[in-house]
Amino acid sequence: MRAEVRRRDLLAGALACGMLSGCGRAQAAPFPGALLGPDLARGHAIRDGKLPGPTGPEERIPLVIAGGGIAGLAAGWRLAEAGFTDFALFELEDVAGGNARAGANSVTAYPWGAHYLPIPNREARALIHMLRGFGMITGTDAQGAPAYDPFQLCADLEERLLWRGKWQEGLVPTTGLSPQDAAQWRRFDAAMEVFRKAVGRDGRPAFASPSALSSRDETYAELDRISFAAWLAQEGYTAAALLAHLRYSTRDDYGSEPGAISAWAGIHYFAGRRGWAADGAGESELTWPEGNARLARLMAGRIGARLRPRHSVTHVARDGDDVLVDVFDHQAGAARRIRAGAVVLAMPDFVARHVAPAFAGASRFSYAPWVVANVAVSRMPWGPGAGLAWDNVSSTSASLGYVVANHQTSSAGDGPGVLTWYQALSDADPVAARKGLLERGLGEWQREIAADLLAMNPELDGRIERIDVWRWGHAMVRPTVGFRSDPARLAAQAMNGPVFRAHSDLSGLSLFEEAHYHGVLAAERALAHLGRGGESLL
Amino acid sequence: MDDSGDFTGPARAHAAILLLSVLVVATCGLIYELLAGTLASYLLGDSVTQFSTVIGSYLFAMGVGSFLSRYVRRDEIGVFIRVEIMIAAIGGWSAAGLFLAFPLAADFRVLLYAIVLVIGALVGLEIPLLIRILRSRFAFRDLVSNVLTYDYVGALIASLAFPLVLVPQLGMIRTGLVFGLANVAVAVALLFVLRGTRRVAGDMTVALMVACSLIAGLFMAERIQRFSEIAYYGEGVIHARSTPYQRIVLTRRGEDLRLYLNGNLQFSSRDEYRYHEALVWPVLGRVANPARVLILGGGDGLAAREVLRDGRVRSIHLVDLDPEMTRMFRETPQLAALNRGSLLNPRLSVENADAFRWVRAARGTYDAILIDFPDPTEYSLGKLYTVSFYAQVARLLAPDGVMVVQSTSPLVAPRSFWTVAQTLEAAGLQTRGYHTYVPSFGEWGFTLAARTPPTGPAHLPAGLRYLNAVSEPLMFDFPPDMARRPTPVNRLDNQALVRSFAEEWSHYEG
């Protein structure tokens, strides 16, 4: 099926919409497609306590992982790596992976969320170990730096920016800046370079990835106490193009405006990456058509049948030295109780506070809502200036642009493909934005997405075949001011059993490296708690 | 009969508008004539003949129009307004229409001269009608002087503006549309002035519709230009087709058949034998037993045609991205004649796949591998010239096999040419560059690669048109302007080749 929806139809639709207020929900969708998202029914059933309680005898499983996002999968991977097999991983959704899930059509796979992993820093030891095991690191150079499989690194051209009517390479505008603005930009870059190289008095990098390994030095801790926007103003950064670029960056990584996050998090985006790789590939990214679902699938492969999808963990409570875990099996429609020696609680705090109130919810984390769309096109976009890149961003669009899902695998300049379109709903308060997100229908989203794409690439007119839209109500935890020193968060990290929390929420940064670190750490601590400790990979 | 009855309003304004109309219609009339002549010589070639016949026909048609003016017995100003609207519509759209019709029309000349005659006849009506309308406003002596003065001034404006401003700035399609608007503006101005004295609504509606269509045309001119391949190719387009992957255009001028992909020339039938003999025989001539041959790209079947001459070859596997390309060259008689039915040969199997993906999944080995991809004009194509890609291809090369890579022009883009060799070497192969002169391409280069240095003489079959034991070794000699120079290795994450290629070719083409 092919929908020949043209620009004028969209404009006509938009005009009609303007005249008939609130017509969005009633109007038919202009393209084939589906409205997707996390399983709200299963999620809300936990929140509202609507699932039936356990029946039958208790089952004994020494170690339970509750939640199959990246943190839970990393915990499972770590257990498998240690040769430990007496565990089960319960995941509410049909497919594990959390934000790193994917779809596919006849042309290519495509991500529904996280789509790349920057080349890890030297300190991300467990992650590097895992990538080597997955064949993504193929060797080592004379200095010991990992050599990455070039087919899994992002191919050139990585990024392009639509700036003043023309596409240019990179995301930083290179033309039309006043000398003052260009000087500010250079000053910002130099400041970030200093932070990137900075080491605290405790010998740790000022900004590490995983962030838990960052210096605790007061000089840098101070940056957690003001917002990024306030810090920028205080440092005299006023150039509009620079501030727009920084806003793009914080929305892209944290789903938040510069005023809503701490200066520490804002700077971490620029100063936290010191990718360690042979062949000068340190600034590259690992990426795949299906995005980080590739990593999720490989980790799940190591966990094997111990991974149990369609299972909601409904209650986690301590019972003496043991933990009782109630699990509802959506396929069987029945719940049972598991007695575990240790539990890795690998769920986001907004779920954990309902499931395990004794172990979570002490501090109210806030989450940014996102929309991700996969747009099937019959021919690739192009445009004036630099050719199609992996990541394509417009300086005039409110969206975060689009990533070409088949960038890695295709050598056809034209041809069909899938564009993954990203939007962080950061301009409203997250609660209100989440409400708006759920109220809008498929047609309304499709019109907005198509209009945004056509503004960037008018040649896509008539070439959009399908738009699937995924709504993430709680896409990312927000690194708000003070998150590094939040006592509740520190307490969650410091737990010493038998329940160990593992989630990127604990870092406040919704990044693969963070989730992986907390998953591995929790798994190692749980193993030690069960008397099965060994050498740490961290 | 009193035509001056139409002039009951402020007469001076009417006379001024009408004299100004003379200037406008004279300019427009000459513009249409120049457009037709230019288009004819552009599309049909032989500019002296085209200009001479177009101008002759146009002037003759003007004479016909002047003659016909005698049959206008009433309402001269009404007829004049309608003539203006018609000229605006026909003349204004003439260039766009001729461009669009060129690949479609059975006989383009019939259409061309029909349009020339119609516009000429309508323009021929203008001046006699204007003289009659104005005769009561001026003495006859002043009238003739005024009208002819404005007529010739208009002709001068048109003849200077056309080559100096209009064609370079607006292009032919927009020039036609803009002067169509001038004609319709005359009609609208007169209708506006006359609105109190006669019913103008009907004519006004038509005039405004014509004006709107011309304005819309101005916005669509780019798209019209794109649709009309001829504007781009300047040759007889005999086949044009968009596939999901590319725009395939075939042109023929005389005996010369040319293939363009996305506007880039792929071959000219006049000299492609030079290119394909040079692509194929240095490889096959250096392989002891080329039983299994792989061709990547080359969906036109021309390289396969050469390979099939070699009786030692038992099988050829051809991998080309675009099914439409291989279908055209298999099924279209004149194209299949060019490749001598190579794509139908039982020794050859075709697979339509993206070579970038295909090589990673492919198994088995080949004694000779021919890589004939389009030039690395964009990042996506640049991937097919990377060390990662060549490492995968090398995996498919038999231990004593030899491969060749089409490597752009070593004269125009020496850094790009040698980047290919540098990259093949980084993939663990020994290389040897060579080059030849293909008139339609210019000086063109190839790179041989193998596990051991691909030196030694090539064993060439008899009956080649270009290569023999004397000319083949000469291809390996590089004079200083094409000599090897230091270059980077082209990698997936730096695309050094796409960048140097764009820089060197833009420098060359100025």
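Every residue, even glycine, has its Cβ placed from backbone N, Cα and C.
S-methyl-5'-thioadenosine binds B:GLN246, B:ASP354, B:ALA355 as TrEMBL records it, and from the list B:ASP203, B:ASP271, B:ASP310, B:ASP320 the residue named for this site is B:ASP320.
The DSSP secondary structure for B:ASP300 (spermidine binding site) is coil. Across the domain 'PABS' (B:216-451), mean pLDDT in this model comes to 91. Of B:GLN246, B:HIS276, B:ASP320, B:ASP354, B:ASP372, listed as recorded positions, those near chain A by the criterion of a Cβ under 8 Å from one of its Cβ atoms are B:GLN246, B:ASP354. The stretch from B:12-35, B:85-104, B:110-131, B:143-166 that makes the most Cβ contacts under 8 Å with the transmembrane segment (B:55-73) is B:110-131. Of the two recorded stretches, the transmembrane segment (B:12-35) does not lie close to the transmembrane segment (B:200-221), with fewer than three CB pairs under 8 Å once pairs fewer than 6 apart in sequence are set aside. Among B:85-104, B:172-193, B:200-221, B:172-193 has the largest number of CB pairs under 8 A with the transmembrane segment (B:143-166). According to DSSP, B:ASP354 (S-methyl-5'-thioadenosine binding site) sits in a coil region rather than a helix or strand. Close to B:GLN246 (S-methyl-5'-thioadenosine binding site) in the fold, though at least 6 residues off in sequence, lie B:LEU261, B:ASN262, B:ASP322, B:MET325, each with a CB less than 8 Å from its CB.
Same-chain residues at least 6 positions away in sequence with a Cβ under 8 Å from that of B:ALA355 (S-methyl-5'-thioadenosine binding site) are, in sequence order, B:LEU296, B:GLY297, B:VAL319, B:LEU321, B:PHE373, B:LEU384. B:GLN246 (S-methyl-5'-thioadenosine binding site) carries neither a helix nor a strand DSSP state and counts as coil.
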